[in-house]
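Undergrad: The following block contains the structure, expressed as structure tokens.
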Amino acid sequence: MQRTLLLAKIHNCTLTGANINYVGSISIDQILLDKSGILPYEQVQVVNNANGQRFITYAIPAPAHSGIIELNGAAARLGIIGDRVIIMTYGQFTSEELKSYTPTVVIVDEKNRPLEVRRYDDLLSQV
């Protein structure tokens with residue numbers, strides 16, 4: 001049996017743009033992708049704290065150190081500049097893989113600069 005658990009999260013980002021004319025996706029500062037382990041074109045779930053919207057799209061890299069978090073395409077209608085969002089990916093794990101499971105959470109400031117990277121390597125030790 002496989003279980004679906006959080007793999008990575010970028011917490012409390014600030015939307016810096018919304019481009020309805022782009023093909024789709026969410027642009028994320030390359031530094032945040034690197035620190036979280038989220039890959040370009042990986043499926044992500046985005047939660048908008050301002051309006052409660054939850055949606056799925058895919059990540060594309062924005063220039064490193066740019067602070068860019070930008071909704072593209074149809075997703076651009078689901079948030080406005082200044083909204084705070086959470087970006088998450090999930091993975092499927094077997095019972096054996098769960099023994100080494102470690103989700104990564106990147107906490108950012110209001111300019112989308114990483115403040116802290118948390119790895120919860122003992123999360124399932126009590127399960």
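The backbone N, Cα and C atoms fix where each Cβ goes, glycine too.
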Undergrad: Please identify which of Thr57, Thr89 is recorded by Swiss-Prot as part of the substrate site containing Gly73, Ala74, Ala75.
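TA: My reading of Swiss-Prot gives Thr57 as the candidate in that site.
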Undergrad: Taking just the CA atoms, what is the gap between Ala75 (substrate binding site) and Tyr58 (active site, proton donor) in Å?
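TA: Spelling it out, the Cα of Ala75 (substrate binding site) and the Cα of Tyr58 (active site, proton donor) are 10 Å apart.
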Undergrad: Which residues, same chain and not among Thr57, Gly73, Ala74, Ala75, have a CB within 8 angstroms of the centroid of the CB atoms at the recorded substrate site?
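TA: Not counting the recorded site residues, we get Gly24, Ser25, Ile26, Phe55, Leu71, Asn72, Ala76, Arg77, Leu78.
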Undergrad: Just the number: how many Å between the Cα atoms of Gly73 (substrate binding site) and Ser25 (active site, schiff-base intermediate with substrate)?
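TA: Spelling it out, the Cα of Gly73 (substrate binding site) and the Cα of Ser25 (active site, schiff-base intermediate with substrate) are 7 Å apart.
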Undergrad: Using only the residues recorded as binding substrate (Thr57, Gly73, Ala74, Ala75), report the maximum Cα-Cα distance in Å, whole number please.
TA: 10
